[in-house]
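Enquirer: Let me begin by handing over the structure; questions about it come next.
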């Protein structure tokens, strides 16, 4: 082969070899090694504080969870010993056994069924017969690489003027509770509601107390789900009547028509019920207040907001908390929708100081993101 042809052949060979190397590098860059792949909640990248951004509707469910709270829990010595993400969050018929009845009959509500009618409990749970009733997001998750981002919106005055509405609505799911007024406050708190958490007592008290401020009905919507917190027999009776589409037959709410609160849809999939054992677990491990050992012990339970936020922390991959108590709570009104500033009052049935400390510590550990000003 003469010199020019030999030189040309070597140049072509060099180009082909270089192209192959580049192609291999490009291909490997688009793949993660087994050690860095993220299968849902349990294995993910370390949590970092994040500023929620609107998700891309086309690939939202296929994105990797790059800041999963589960790994942040694993990396924190204190919270690693407190969290048990395998704890059942919701109660449904499939979990209702004689053993469960015997156990929970030894504990007062909201931690059990002491003194409650077996027939009321059993007839309520029989209506929650689908496994879907035990899943907060409906059917069991089929996409292990999806990343569920949740916002839990409390009613704290810190949200007034916050302009967080768009960021709140950008989450996959939005939890609200009690007097969840959005009309007129869309810029600050958003409009999206995926879950509404309450006890019958807090729901009805909110409708009475905040009616003049704009809370004339609880959130309603086709894709909205209601999370009952079983603080008394009233919650079981209201839940049963809501699914059956009949008036409440007895108790303080006798004659109430649930559709006036929740709308005409009566499918069992519309309603969720927190497991009393889950509430016990949350109280024992995260919110074991000194109030329990005082004369107010029988009154004490975690606040509705605390239960919703901890529910999200046990079901979502990322959690942002808005409108929850912070160290500078005295700067703000009790609620964001109040026309005049009113101080936050600490009642004996909740330990808001303990809750504030917990939210701060979870934020500092990177397990949740707490909105602060």
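Just so it is clear, glycine is given a Cβ too, placed from its N, Cα and C backbone atoms.
Found this in Swiss-Prot, in case it helps:
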TOPO_DOM  1-6  topological domain 'Cytoplasmic'
TRANSMEM  7-27  transmembrane segment
TOPO_DOM  28-373  topological domain 'Lumenal'
DISULFID  65-147  disulfide bond
CARBOHYD  103  N-linked glycosylation site
DISULFID  150-316  disulfide bond
BINDING   155, 178, 303, 335  CMP-N-acetyl-beta-neuraminate binding site
CARBOHYD  160  N-linked glycosylation site
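Thinking about packing and proximity, how do these listed features fit into the structure?
Expert: As a whole-number mean, the pLDDT of the topological domain 'Cytoplasmic' (1-6) in this prediction is 44.
The secondary structure of residue 65 (disulfide bond), as reduced to three states from DSSP, is coil rather than helix or strand.
For residue 103 (N-linked glycosylation site), the same-chain residues 6+ apart in sequence whose C-beta sits under 8 angstroms from its C-beta are 112.
Proximity of residue 150 (disulfide bond) to non-local residues of its own chain (separation of 6 or more, Cβ distance below 8 Å) is seen for 171, 172, 173, 174, 175, 312, 315, 316, 318, 319, 320, given in sequence order.
Secondary structure from DSSP puts residue 335 (CMP-N-acetyl-beta-neuraminate binding site) in a beta strand.
Close to residue 160 (N-linked glycosylation site) in the fold, though at least 6 residues off in sequence, lie 185, 188, 332, 333, 336, 337, 338, each with a CB less than 8 Å from its CB.
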Enquirer: Fewest other C-beta atoms within 10 angstroms of its own C-beta: which of the binding-site residues 155, 178, 335 fits that?
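Expert: Each of the binding-site residues 155, 178, 335 was scored by Cβ atoms within 10 Å; lowest is 335.
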Enquirer: Cα of residue 147 (disulfide bond) to Cα of residue 303 (CMP-N-acetyl-beta-neuraminate binding site): how many Å, rounded?
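Expert: Checking the Cα atoms of residue 147 (disulfide bond) and residue 303 (CMP-N-acetyl-beta-neuraminate binding site) gives a distance of 27 Å.
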Enquirer: What Cα-Cα separation, expressed in whole Å, is found between residue 155 (CMP-N-acetyl-beta-neuraminate binding site) and residue 65 (disulfide bond)?
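Expert: Here the two Cα atoms are 28 Å apart.
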Enquirer: Identify, in sequence order, the residues in the chain of residue 303 (CMP-N-acetyl-beta-neuraminate binding site) that are 6 or more apart from it along the sequence and have a CB within less than 8 Å of its CB; answer 'none' if there are none.
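Expert: Those within reach of residue 303 (CMP-N-acetyl-beta-neuraminate binding site), by Cβ under 8 Å and sequence separation of 6 or more, are 350, 352, 355.
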Enquirer: Which whole-number value in Å describes the distance between the Cα atoms of residue 178 (CMP-N-acetyl-beta-neuraminate binding site) and residue 65 (disulfide bond)?
Expert: 30
Enquirer: Report, as a single number, how many Cβ atoms besides its own are within 10 Å of the Cβ of residue 316 (disulfide bond).
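Expert: Its Cβ has 26 other Cβ atoms within 10 Å.
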Enquirer: Between residue 335 (CMP-N-acetyl-beta-neuraminate binding site) and residue 65 (disulfide bond), how many Å separate their Cα atoms?
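Expert: Checking the Cα atoms of residue 335 (CMP-N-acetyl-beta-neuraminate binding site) and residue 65 (disulfide bond) gives a distance of 33 Å.
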